[in-house]
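Asker: Got a structure for you, questions after.
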Amino acid sequence: MILPIIAYGDPVLKKKAKDIDKDYPKLEELINNMWDTMYNAYGVGLAAPQVGLPVRMFMIDPAPFADDEELDEAEKKVLMDLRKVFINPQIIEETGEEWAFSEGCLSIPEVREDVFRQPDITIEYHDENWEKHTETYSGLAARVIQHEYDHIEGILFTDKLSSLKKRLIKSKLANISKGKINVEYKMRFPNAKKAR
């Protein structure tokens, strides 16, 4: 089932999410619904807060980035094979010199800005079968994980922008929160005027 994606301005996107356990109600159904929702919106990642749930879970499938001609074959292969669910993740290390990449977000449609992040991460997490993993990622794979991880920390990519950039997109963000935007996927807007 396709769920509505929560738009910029909803408080759930600014809350630090809570861990879940194996008994979380209808977890398998939620995971399947989130995959459907992400693919329906042509996303490469989706975090539980983006569907209104302040829990520490996200999923990624960065395969569309593998079409980038500038990437080497090894990085393309990583991106093609990286369809994963991350439950209760913790980034335990971020290293390397920060680099910029134009990021977007399903909760903030039609806004893309350069965000600086470190290129290498080590992350601990449980998969959907509750197997524990500790893995290291680099480049675009790391960036997609960092972006989704920020969601469960209550951080949006717009929070990482300079004050000037924030001022330049302020009215665009206000319009998104009010639902004054056309999107091809289902969304829930926190400040939309209710019809009488």
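Along the chain as shown, residues are numbered 1 onward.
Just so it is clear, glycine is given a Cβ too, placed from its N, Cα and C backbone atoms.
The feature Fe cation binding site is assigned by Swiss-Prot to CYS105, HIS147, HIS151. Residues annotated as active site in Swiss-Prot, with sequence analysis given as evidence: GLU148.
Mind mapping these onto the model and telling me what they sit next to?
Answerer: DSSP assigns HIS147 (Fe cation binding site) to a helical segment in the three-state reduction.
Counted within 10 Å of its Cβ, the other Cβ atoms near GLU148 (active site) come to 24, all protein chains included.
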Asker: Tell me, how many other CB atoms lie within 10 A of the CB of CYS105 (Fe cation binding site), whichever protein chain they belong to?
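Answerer: By my count, 24.
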Asker: So which other residues, same chain and not among CYS105, HIS147, HIS151, have a Cβ within 8 Å of the centroid of the Cβ atoms at the Fe cation site?
Answerer: GLY45, ALA47, GLN50, GLU103, LEU106, SER107, GLU148, ASP150, LEU156, PHE157
